[in-house]
Amino acid sequence: MKKKYILAIDQGTTSSRAILFDQKGHIAGMAQREFTQIFPQPGWVEHNPRDIMTSVYTTITELLNNTQIDVRAIAGIGITNQRETTVIWDRQTGQPIYNAIVWQSRQTKDICDQLTTAGYQDLVHAKTGLLIDAYFSGTKVKWILDHVENAHTQATRGELAFGTIDTWIIWNLTGGQVHVTDYSNASRTLLYDIHALRWDPDLLTMLDIPAAILPDVRSSSDIYGLTQTPYFHGEQIPIAGIAGDQQAALFGQACFEPGMAKNTYGTGCFMLMHTGKKAVESKNGLLTTIAWGLNGEIEYALEGSIFVAGSVVQWLRDGLRMFGKASDSQAYADRVSDNGGVYVVPAFVGLGAPYWRSDVRGAVFGLTRSTTKEHFIRAALESMAYQTRDVLSAMQADAGMELKELRTDGAAITNDFMAQFQSDILAVPVLRSEIAETTALGAAYLAGLATGFWSSREEITQHWAINLCFKPQMDKQQREHLYAGWKQAVAATLGFRVA
């Protein structure tokens, strides 16, 4: 049967999606399922790994039922995932020994503080391109092994397996036959040397993590194994692409040349700039990461990770109950001509790049008796744009490249107010992709290249199209005045301590 589709599994922080793409990179069908968020203590965020797999299986079933396609028409499967989120499971039973610790979770902050005090920061940065922070997988692995009875002993014996979410999904889809990750996900663990391309023994010793639990690291576009699950009606479909969500979005946005950049506005906000085959060391609080491994070559990126972006809109909706639907935020923001002097610094779980302060918490500044709900909502939306400028300033300084345009995707940037304000604050055009699901599309492209569904990156580039281009309209004086207010608000937030 003619292969007509690539299936992308996009496993995110709050939901899982299954998306079918056709030869032109257009969506032929999609299903989505949310799953439960677990908050055992303030600052802790966990998921039940079984809930994640249930959501994946449910979306696959729903997608196939709704589209009524023949499973044999699927050429391959690409997987993209929330990065850093950590699962450890029993190899024999396939059962997790603890909940998945989510990338947002700060429960390993004490471990990070101990490592920093012990002077490991330079070693970690030199080998991984990362910083010592609770964000990354390594300290989460240590926490689980230290807190689950007999876990360390089992790990040493090789009875346990560690994986980021891509690894966990592939293990389950292949019936426990394949324990693998790709370069992009490995580079986010705090355990992988991004220059030597190996799990690093010094880093494993630093965190007392047995090497026996680690997955194999492979190219981001490769045939890793075949599905062994009834959800595909007994068909064995090649799993052929893996990339962490942000690297997948960079690929889906066709940012294949050095200096090209994208920003994804999801739960967090993540800006990546392609730096080619050179790992650019950041001196300005950014991360150096592997973009992907492809055709025997490694390509790198600079990344600025913002912990709270779209989730600030969820907070306005669910926590403060300021509106009923996230999409309502645009109408409220448009009702006022400015932010009324209000700045929201959404450091709910600390501040990411370029500050890297996990100890600070959110703050609001500039409130007066005349402040309205509209001002507050507008200020919260603006915080995403200000944080992006913080990252871009650091990125341009590190890479020595000036950004010509910013390619964007994610739910928050579908808000026209947000997209225009982002362009105004950056003073560069903001391009919104025609296909919003660029993260899933990137995973699909990687799988399609491995299976021959697409022939080359040049073919992929021809598929990329703009939905809208937002050009700067704000004058420089106003732009710098607004940004100066943001910097003041951040400085005050950094100086505040909870008693």
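Note: Cβ is positioned from N, Cα and C throughout, glycine not excepted.
Residues annotated as ADP binding site in Swiss-Prot: Thr13, Arg17, Thr267, Gly310, Ala411, Asn415. Cβ neighbours of Arg17 (ADP binding site) (same chain, under 8 Å, six or more residues apart in sequence): Ala8, Ile9, Asp10, Gln11, Met30, Ala31, Gln32, Arg33, Thr59, Glu437, Ala440.
Under DSSP, Arg83 (sn-glycerol 3-phosphate binding site) is assigned to coil, being neither helix nor strand in the three-state scheme. Here Swiss-Prot flags Thr13, Arg83, Glu84, Tyr135, Asp245 as sn-glycerol 3-phosphate binding site.
Secondary structure at Thr13 (ADP binding site), taken from DSSP and collapsed to helix, strand or coil, is coil. Using a 10 Å Cβ-Cβ cutoff, Thr13 (ADP binding site) registers 22 neighbours. The ATP binding site annotation in Swiss-Prot covers Thr13, Thr14, Ser15, Thr267, Gly310, Gln314, Ala411 and is backed by sequence analysis.
According to Swiss-Prot, the feature glycerol binding site maps to Arg83, Glu84, Tyr135, Asp245, Gln246, an assignment based on sequence analysis. Under the three-state DSSP scheme, Asp245 (sn-glycerol 3-phosphate binding site) falls in the helix class.
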Sparsest-packed among the binding-site residues, when each Cβ's other Cβ atoms within 10 Å are tallied, from Ser15, Tyr135, Asp245: Ser15
Glu84 (sn-glycerol 3-phosphate binding site) versus Gly310 (ADP binding site) - Cα distance in angstrom: 19
Whole-number Å value for how far Thr267 (ADP binding site) lies from Ser15 (ATP binding site) (Cα to Cα): 11
Neighbourhood of Thr267 (ADP binding site), C-beta criterion under 8 angstroms, separation at least six: Gly12, Thr13, Thr14, Gln104, Val308, Ala309, Gly310, Ser311
Nearest-integer angstrom distance between the alpha carbons (Cα) of Asp245 (sn-glycerol 3-phosphate binding site) and Asn415 (ADP binding site): 21
